[in-house]
Amino acid sequence: MAQSIRTMISPGRYAQGKGAIHQLGRHLAPLGSTPLLVADDVVWGFVGHDVEASLAEAGLPVDRRAFGGVPSSKEVDRLVGEITSSGADVVVAIGGGSTIDAVKAAGHLAGVRWANAPTVASTDAPCSALSVIYTEDGEFEAYRFFPRNPDLVLVDSQLVANAPAEFLIAGVGDALATWLEARATSRSNSPTMAGGLPTLAGTALAQLSWDVLWENALPAIDAVRDSQVTPAVEKVIEANTLLSGLGFESGGLAAAHAIHNGLTSVAATHGLAHGQKVNLGSVAQLVLEGANPADLREFIEFTTIVGLPTTLTEVGIRPDDADSVRAVATAAAVEGETIHSMPFEVTADDVAAALTSIDRHATRIRENANLPAPAPYTAKH
Ligand SMILES: [Zn+2]
């Protein structure tokens, strides 16, 4: 009986716009009197001044701690210690998806409220009631689920536009996957990350995210290259953060994210952003679905123009490196992975075949469309 319950969850408040960071104090005040801010030194360098002014205006003290770089169990436990020893009653992540994932997990364990002020629109992390925990080397370890979503998600669009465009591009990759995965979850009537079957609302938001991105991603990326906030930029920030955030959580994940998680088992991929790897997962999911060739071609063309990887080569894996492909496929198809929300059975062999087939086909599509050939990715570290 419980299997038939449909569920939708969301953050308590979502605020987005140019200069929104100036309202951080005002929105935090109802949540607590002693906030603890977590931001790395780079982020704090460009946003600390405005955050301090905003909190002072709301009569809140400023206590900032650094973030260690990877949302690992160890970093989460360290942050729990910081929260507990500081006596904070609300913890605020300021930065990207890694900071946010670590702070959500730490806030939950410390028993305080939590809020997110993403400074980039690169992942689905800000709105959800779950964190992705990685090993200290950057390998996917586990999803952690929490009983509540963040109390507040506040996005300053100017900060997002000031960040390198690569962050927004990665966010587009993460958000395009949302509809492909929600559509698959809806077809199979599988449970979502929200702990129930998908609602019409969750599925519809995932589809809206897709539509908004096909129309606005390219003009938005161009605007952000000049640090400009245009209506297209606002729409893409909302698609990447709110629509995709609610859409993946309450609409469901399927093959694309499972393949992303599989890719993290190969060290060569570790320097890439989450959304870059997710995009290859989306291409692989379309192949697994036996997608209409025109749909597959359009997706590869569009995401290549956006600036996302569409081949194994571009995420650091040679397509003839059978061991690496096998490692990715095995991890992606492990029991309990969201790939089993696809409306048909998927085995590691299926994933390996799909992945191995991509490079040759994507290269041909790109050649025919006069798009650049895939350039091999080499990890920076
Ligand atoms: Zn994601």
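Note: Cβ is positioned from N, Cα and C throughout, glycine not excepted.
According to TrEMBL, the NAD(+) binding site annotation covers ASP40, GLY97, SER98, THR99, ILE100, ASP101, THR119, VAL120, ALA121, SER122, SER128, LEU130, TYR134. Applying an 8 A CB threshold to same-chain residues 6+ apart, the list for ASP40 (NAD(+) binding site) reads ALA66, PHE67, GLY69, GLY95, THR99. DSSP gives ASP40 (NAD(+) binding site) a coil state; it is part of no helix or strand.
Annotation for ASP124 (glycerol binding site): same-chain Cβ neighbours under 8 Å, separated by at least 6 residues, are GLY97, ASP174, ALA175, THR178, ASN240, THR241, SER244, GLY245, PHE248, GLU249. Under the heading glycerol binding site, TrEMBL lists ASP124, ASP174, HIS257, HIS274.
The Zn(2+) binding site annotation in TrEMBL covers HIS274. For HIS274 (glycerol binding site), applying a Cβ distance below 8 Å and a minimum sequence separation of six or more within one chain yields GLY97, SER122, THR123, ALA170, ASP174, HIS260. DSSP assigns HIS274 (glycerol binding site) to a helical segment in the three-state reduction.
Here TrEMBL flags 11-156 as domain 'Alcohol dehydrogenase iron-type/glycerol dehydrogenase GldA'.
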Can you tell me whether DSSP puts TYR134 (NAD(+) binding site) in helix, strand or coil?
strand
How many Å separate the two farthest-apart Cα atoms among the NAD(+)-binding residues ASP40, GLY97, SER98, THR99, ILE100, ASP101, THR119, VAL120, ALA121, SER122, SER128, LEU130, TYR134?
21
Let's see if you can do this one: DSSP helix, strand and coil counts over the domain 'Alcohol dehydrogenase iron-type/glycerol dehydrogenase GldA' (11-156), in that order.
57 helix, 38 strand, 51 coil
Candidates ILE100, ALA121: member of the binding-site residues with the richest Cβ shell (10 Å):
ALA121
State the Cα to Cα distance, in Å, between HIS257 (glycerol binding site) and ALA121 (NAD(+) binding site), rounded to an integer.
18
For glycerol, whose listed binding residues are ASP124, ASP174, HIS257, HIS274, the greatest C-alpha pairwise distance in Å:
11
Does any of SER98, ILE100, ALA121, ASP124 have a Cβ within less than 6 Å of an atom of ligand 1? These are the binding-site residues; tell me which, or none.
ASP124
